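S.K.: The following block contains the structure, expressed as structure tokens.
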Amino acid sequence: MSSLPRSNSDVHSVASDEKKPGSWDTRATADVVQYDKGVDEAVDLVAGHADDAPVDPEEARRIRVKLDWVILPLLFALYTVQFVDKGTLGASSVLGIIQDNHLTADQFNTLGSAFYIGYIVFAYPHSWALQRFPVAKYLAANIFFWAILIGLHCTCKSFGGLFVLRFLLGASEGCITNGVMLVTSMFYNRTEIGERIGWTFQCNGFALIVSGFLAFGVAHSDPNAKPARWQLLMIIYTGLTLIIAVWFFWLFPDSPVKARFLTPDERLKAVRRIQSNQSGIETKTWKHEQVVEAVKDIKTWLFFLFAAISNLQNGFGTQYSLIIQSFGFTTLQTTALNIPAGAAMIISITLSTLILRRYPNARCWIAVAFFVPSVLAAILLITLPWHNRIGLLCAYYVLNFGGAPSFVMVLSWVTVTTSGHTKKLAVNAIFLVGYSLGQVLCTQFWRAEYKPRNYVPWAICLASYVGDFILLFAIRYVLNKENKRRDALQASQAHEDYGYVERVDADGQGSCLILLALEEYNMSKLFARLWGVWRRQNRHFVGEDLEGNRYFEIPTKRTDLVRPTRRVEYNVTSNDVTQDANRARQLSVQWASWLSHTRPDPPTIQELQTDLLRRQRLQHNVRMIEARDREERERQMITAQAEPQPLRVVGGNTQHSPQNSAGQGQQTGVEDPWEKAKKEAPPEEPTSWQPQTTRRR
């Protein structure tokens, strides 16, 4: 079993004790952490470097920009071609694939389900393989495989052949989302992951635009020509996917440790830059105990339920062309009208990521806010008259506007709230199983007997939005509860830095969450928290002090209380919650008097600034007086040291030593001045006191 000394530096740690950066800790053996053969690959990179100083912020920013220029274009291209290939069935539905393969409406829906059945079946094998094999090479192999499967669609003439190909296509594409979530956690820290996942998911909207333009161009070809229009579209998609597979294989790195476009020093700094994730970089050992922990974690199943329920409204992923055509548009118009749906998705995801950058802890509220337009759109699709096809089309575009950002917010939640390489893969797999399960079920709602109004599918979509709202608030409640427990735990005991070694949530410090028992989240506590949220909405903002603390006044309706309730909301912004809270709680005298109702009106900023200047001037004057006193004392000490010792006359000679002068003065008959001083001393002086014995009376 190998051992690795623990690093002293914790500059990038989310919540750890302050320690000075230094060399590797070589203290007693008891202080050395022992690791098994599953140690993270980043350990091999940092083990030989004694300098564990923090990465300069400007250098970290430069490395992040360099990563963005290489990693993000590849992820964008990958997600674009994946969504294009995933939507081949929907794009081909108006180009003749249904007629040439003699498909019924129910069979067409089953083909949509077959894709996600392959997703579900291969979710666990993909998670295992992503840990055992190089991530980039494994993804590239699957991209190449599904490109071949897209091309083989052209050879199908029946439902059976298409079903097998759609199943295998889902099996090969099932590793992409899991792999992208894993890769982003390798290269970016927690504050950067959500934004970059959002940018990556924008490519779904861009894929709709690309697919719309390609289908629009193919729709102008001769419908009787060979190959058929839908076969020509499949051939084009195959060529694009093969190009992306080769590009991905040669350029995409497996991890920061193996990034060829980074220098050795930049690789080391790239690893240290994401040390705060506390999940390691990559380990090739599949750890079953982390899989068990993932299954026991309540967060895992909340994410699973959200993925399943939120995707009940995504049945129009394969039906979108048929839905638009059912509004009364021609085939050529339908292919062109798919393009604005992709633009709406891009705008909404861009807007949500910008809001997330400004408010990084507001994922729940962002997801809820973007679900609201989708709810309104579903209501319009049910209630608008059928002849109002423009209104129905606009409602369909609004429906695309809201769902994607909310899913992106939760997907970033899954990535940043899970520690441990194996556990991250397991949670991602369970999440994708829920995603696939929702997709399998939703395709079965669009049955022939419900057309053309599709009241039942739209009603199911509307009901799923209600379930999404409940799950979002439940997830937020669990995470907030756990964050408070984590803060209390870290404030009460020392925190060790395991930035290069993967940690799991049950360790209590390695991640932002600790495993909680399900029974702690009873409905009474949930309602109490919601009641507190409602109460906070009724408070009136009064002002804030120079420290950023905010003050509120809550009117009371009770008759036995005359004065309102006054509260302060402390500005706690740093990672060290305890230190920042103690500093914030040193309130000014003016605001403390207002809180205790000894002052009727709140102080103004000008008053606080004036008082601050007055206290600063007073402190300056005190320092000046103390400095002058200190200088005076030092000057007096220097003067006293510079004065000569009293001279003694011994035999006509002057000597400076009082010790030697006593004996010589007795020999020469000259009176010793020291003896003279003793004789002239008053009786109460200590020099004339002689100890005497006393008899007890």
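Placement of Cβ uses the backbone N, Cα and C atoms for every residue, glycine included.
The following feature annotations were taken from TrEMBL:
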- 1-27: region 'Disordered' (REGION)
- 1-11: compositional bias 'Polar residues' (COMPBIAS)
- 67-84: transmembrane segment (TRANSMEM)
- 135-156: transmembrane segment (TRANSMEM)
- 163-187: transmembrane segment (TRANSMEM)
- 199-220: transmembrane segment (TRANSMEM)
- 232-252: transmembrane segment (TRANSMEM)
- 337-357: transmembrane segment (TRANSMEM)
- 364-384: transmembrane segment (TRANSMEM)
- 390-413: transmembrane segment (TRANSMEM)
- 425-446: transmembrane segment (TRANSMEM)
- 458-479: transmembrane segment (TRANSMEM)
- 624-697: region 'Disordered' (REGION)
- 624-636: compositional bias 'Basic and acidic residues' (COMPBIAS)
- 652-669: compositional bias 'Polar residues' (COMPBIAS)
- 673-682: compositional bias 'Basic and acidic residues' (COMPBIAS)
- 687-697: compositional bias 'Polar residues' (COMPBIAS)
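Each of the listed features needs to be described in terms of its position in the shown structure.
M.R.: Under 8 Å from some Cβ of the transmembrane segment (163-187) lie the Cβ atoms of residues 67, 71, 75, 78-79, 82, 85-86, 89, 110-112, 114-119, 121-123, 126-127, 129-130, 135, 138-139, 142, 145-146, 149-150, 152-153, 156, 193, 196-197, 200, 255-256, 270, 274, 277, 279, 281-282, 411, 414-416, 424-425, 428-429, 432, 435-436, all in the same chain and six or more residues away from its ends.
Long-range contacts of the transmembrane segment (337-357) within the same chain: residues 91, 194-195, 198-199, 201-202, 204-213, 215-216, 320-321, 324, 329, 363, 366, 370, 393, 396-398, 400-402, 404-405, 408-409, 412, each at least 6 residues beyond the stretch ends and with a Cβ under 8 Å from a Cβ of the stretch.
Using a Cβ-Cβ cut-off under 8 Å and counting only residues 6 or more beyond its ends in the same chain, the transmembrane segment (390-413) has close neighbours at 181, 193-194, 197-198, 201, 204-205, 303, 306-307, 310, 313-314, 316, 323-324, 327, 337, 340-342, 344-345, 347-349, 351-353, 356, 363-364, 366-368, 370-378, 380-381, 384, 431, 461, 468, 472, 475, 479.
Not one residue of the same chain 6+ positions outside the compositional bias 'Basic and acidic residues' (624-636) places its C-beta atom under 8 angstroms from a C-beta of that stretch.
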S.K.: Determine whether the transmembrane segment (199-220) and the transmembrane segment (67-84) share at least three Cβ pairs under 8 Å, counting only pairs 6 or more apart in sequence.
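M.R.: With 3 or more qualifying Cβ pairs, these stretches touch.
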